[in-house]
Structure formats: C-alpha cells, structure tokens
Amino acid sequence: MAPQQQQHQEEEDEPVYTLDEALTTLGFGKFQYLVLGYAGLGSMVDAVEVMILSFIGPVLKSQWGLSSAQESLITTVVFAGMLIGAYFWGIVADNYGRRKSLLSVAIVTTVCAFLSSFSPNYISLLILRMLVGTGLGGGPVYGSWFLEFVPSQSRGIWMVIYSTFWTIGTILEALLAMIIMPKLGWRWLLALSSIPSFAALFLYIFTVESPRYLCAEGRISDAYDILRKIAVVNQTKLPPGMLVSDQVTDLNEELLGPRANKILNFKTGLSSSLMLLSPKLLRITLLMWVVYFGNSFSYYGIILLTSQFSTGENRCFSVASHVNNDSSLYRDVFITSLAELPGLLISAVVVEKVGRKVSMALMYVLGSLFLFPLLVPQNEALTTTLLFGARIWIIGNFTLAGVYCPEIYPTSVRSTGCGVASAVGRIAGMVSPIVAVQLVRGCHQMAAIVLFEVVIILSAISVVLFPIETKGRQLDHLSL
C-alpha cells in the first residue's frame, strides 16, 4: 500500500466524537460550576433591577407628585428597553459569539444602572432606566451560554438550579429595600443594587466562548481547545479520537430552503430571524411567544399586584383592609418572593421525571386556581397567601420555559430564538402595569384578575400544542 493511501486509511480509521459525547464524558465538574456562577450572577442582575420597580414606583409617586400613569411608565420603559435588548443581544450572540454579547450587556447594564441613581428629574430617570432595560434584555444569553456547557443527561436539573439565582436576586433585593429605603431612600437603593452588575463586568475576563457556538461556526479546533480546558479543570479526559461537528447539514439551507439560502448566504440578524419563521420552526416559535408572553404577564403582574394591595391603593371595597405603609409593602413583597423557593424546588423534581410539557401545563392550572379567589377583594392575609401560592406555580413555569426554549432551538438560532421570545415577554411586562396598577386603582379588580386568568389559560393550551418533549434529548438532534 502506498504511503499516502496508508495515511488516508489511518485517518479514516481514527475514531471521532461529537460535542455532546465530549461533554458527557467530561461530566459536570468544577468548570461548569464556574460557568454556572457567572451565568447565575447575570440572572441575579436581571432580577435585582426588575424587583426595584416594585419599590421605587410608589415612593417616586409621592416624592415627585407623579400620576398613576407616570408611575406605571417607570416600569413600562424598562420593559420597552428589554424588548429592544432581548432581540438585539440574541442577534449579536448568534452572529458574533456569546462572549461579545455578554460583555456588551454587562457594560450597558452597569453604567446605566449606576447613573440612574443620580437622576435629577423624572425624564432623565425614564431614559436611564430604559437603557438599563436594554442591557437586561441580554438575560437569555446567559442561560443559552450556560446551557451549552451542560451534558444532556443532566441539562434540565442544572437549568433549574441556574434559575435559582433569579430567585436569590429577588429575595436579596427585597431585603435590601427593607434596610435601605426607610433610612437612605431610593437613590441609595439604585446605587447599591448596581453592585452585582459591576461584579459581572469585572469577572467577564474569566469567561470563555461556548464550544457549541464554535462548532456551529466550523471552528472545530477552537472548540477542541475549550474542551481541553474543561478536561483539565474537571480533572477528566476527552474521548479518544477527533472532535467532529454533529451539525451535518447547513442550518440556513435546511430551514430556509436552497433558494432563500442563496439570497441570504451570510449570517445576519435578518436571516436568523427568518429562520425562526421557517416552516420547521414556525409552530414552535409562535407557541413559544404565547408562553413567554403569558409567563411575563402573570409573573410581573403578581409582583405589581402585591405592591398595589400592600400600599393601600385598593380602597374601593371595605372588605380589603390593607394598611398603607412602606413596611407592609416591603414585608409582603419579601414574603411573596420567598414563594419562588418552593416553586424552584418543585421544578427541579418534575423537570426530569415528568418532563417539560406536562409539568408546565399542570403549573398553569394550579396558578390560575390560586388567582381565582381574588376576583373579589379579600383581607390582607388571604390576599398575600393567594399571591404567594400563585407565584409558586408561575415561577415554576417561568423556570421550565427557560429550560425548554433553548433546548428546542438549534444552536445557530438558539440565542436569537430565546431572545425574540424574551422580547415578546417584555411586551407583556409593558402591559402588566396597566392591568395591575391602573385597573386595580380604578376599582376594576375583577377585570384585572379575569385578564390574568385568560392569559394563563391560553398559555397552558400553547404548551399542550408543542410538538415535542425535549427531556433527555441531545441539543441539535430534536426531530421537528
């Protein structure tokens, strides 16, 4: 046999392995814990900056003499910024890499969050908080980045654990507000709440690019270098042989078709967005938008309802004996924030045993049952209890959707898909204050709760209509 033929034969006989096989062999070790820590910090930043809205709105309404509409606008502009950011950062992450997107998100969020504490007037506060929202829109990139380091067999439970950082952020922010607001005021709360953002910015230098993204871009050798680092840190070994990409077909051509792919033969934000509406992904995309809208609408609505009921704004019925003081607001928001802990625990139990779809559908039903008695005003203790129960199941759904969404989209459009879905959720966040604040204050509590129930039911139906269950399946190998 000629030397060249022999060398070619040896190359053909060399064993190969895919990225999923490599991650399974490497296991979940110290390296993934470090990735989890950074991604979780990003999730905490998101939670902290969103929870602030529950506290500064009522205070600024009193200090600056704002109308109810102006108070609601403080929340609305943040979600408007998140709407823009969620789409934009997803495009950046899918086209230029996860790390570049993470850095950009950290810079925008940190600078604007800190500067907002010095806002001299209402207009400047709106502008800066909207820019903060633009940075917060990059939250889904953290989840997608972490997911791409996790072995498939433990993906669900670790994504739930990742979601606990959000809950930790909400609880810490409620505690911080209880300590800071009565003595130092809202400016100090905004300034101190930006500390996690500064930490995310400084710790960025320790992050690495997602090997799954590198494989999707054809940068196999770079992905292999990352896998070697994981092996060293985890004190494990890679499988014998050579790393190969498990994405056999070109995704653009597979999803858009050859004719469209000739027109869009380079990766752009437009092409990534069009892939989401391709025949193979259209059903998933539309259903995911409904789910994310429903989750955000109900979750943020419950938070705002808690603040409205606790500050004595619901005075239309004598049966609703709420106390109008700040301590009641901080206490009730803190108590309902604790509801997220059992919600996450339940999610962790059911995500791998029951699966994503069935678990989400059941949680929607249970959440709607807890909201149902609030069709009529209740006393403060019962109201807080019902909101506590509803938040358990809504955060459970929020968590499971955060697991399901990045699993069901291919790597090349994962951040874009999750980003656009998150953007749709931000639209719900913009609408929620109108329902939770304006309707309740206008003595239309029943109408507000009916709207929440309708949205939750539509979300449950959408979950049932999803075509596949992703539990235990490898990324990029989901049959649509």
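Any Cβ shown, glycine's included, is placed from N, Cα and C.
When pLDDT values are averaged over the domain 'Major facilitator superfamily (MFS) profile' (35-471), the model yields 80. Annotated domain 'Major facilitator superfamily (MFS) profile' per TrEMBL: 35-471, in sequence order.
What TrEMBL records for 33-60 (among others) is transmembrane segment. Within its own chain, the transmembrane segment (33-60) is flanked in space by residues 66, 71-72, 74-75, 78, 102, 105-106, 109, 113, 122, 125, 132, 136, 138-139, 141-143, 145-146, 149, 158, 161-170, 172-174, 177, 181, 185-186, 189-190, 193, 196-197, 199-200, 203, 206-207, 233, 300, 303-304, 306-307, 311, 326, 329-330, 333, 337, which lie at least six positions past its ends and keep a Cβ under 8 Å from the stretch.
Taken from TrEMBL, the feature transmembrane segment covers 72-90 (among others). Listed by sequence, the residues of this chain that lie at least six past the ends of the transmembrane segment (72-90) yet keep a Cβ under 8 A from its Cβ atoms are 49-50, 53, 56-57, 60, 101, 104-105, 108, 125-126, 129-141, 272, 300, 304, 415-420, 422-423, 425-427, 429-430, 432-434, 437-438.
The transmembrane segment feature in TrEMBL is assigned to 102-120 (among others).
According to TrEMBL, the feature transmembrane segment maps to 126-147 (among others).
Residues annotated as transmembrane segment in TrEMBL: 159-180 (among others).
Long-range contacts of the transmembrane segment (186-206) within the same chain, counting only residues at least 6 positions beyond its ends with a Cβ under 8 Å from a Cβ of the stretch, are 34, 38, 41-42, 44-45, 48-49, 52, 55-56, 59-60, 63, 99, 102-103, 106-107, 109-110, 113-114, 116-118, 169, 173, 176-177, 180. For 186-206 (among others), the entry in TrEMBL reads transmembrane segment.
The annotation transmembrane segment is assigned in TrEMBL to 281-302 (among others). Proximity of distant same-chain residues to the transmembrane segment (281-302), defined by a Cβ-Cβ separation under 8 Å and at least 6 residues beyond the stretch ends, is recorded for 50, 75, 79, 255, 275, 336, 360, 364, 367, 387, 390-391, 394-395, 397-398, 401, 405, 408-409, 413, 417, 420-422, 424-429, 431-433, 435-436, 452, 455-456, 458-459, 462-463, 465-467, 480.
TrEMBL lists 333-351 (among others) with the feature transmembrane segment.
According to TrEMBL, the transmembrane segment annotation covers 358-376 (among others).
Among the features that TrEMBL reports, transmembrane segment is placed at 382-405 (among others).
The transmembrane segment feature in TrEMBL is assigned to 417-440 (among others).
Feature annotation from TrEMBL assigns transmembrane segment to 446-468 (among others).
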One stretch in 102-120, 159-180, 358-376, 382-405, 417-440 has more Cβ pairs under 8 Å to the transmembrane segment (446-468) than the rest, namely 358-376
Beyond a gap of at least 6 residues from its ends, the CB atoms lying under 8 Å from the transmembrane segment (358-376) belong to 291, 294, 298, 305, 317, 319, 347, 350-351, 382-383, 386-387, 389-390, 392-394, 396-397, 400-401, 404, 445-446, 449-450, 452-453, 456-457, 459-460, 463-464
Same-chain residues at least 6 beyond the ends of the transmembrane segment (417-440) with CB under 8 Å of its CB atoms are 68-69, 71-72, 75-76, 78-80, 82-84, 86-91, 93, 133, 137, 139-141, 143-144, 273, 276, 281, 285, 288-289, 291-297, 300-301, 304-305, 308-309, 313-314, 405-406, 409, 447-448, 451-452, 455
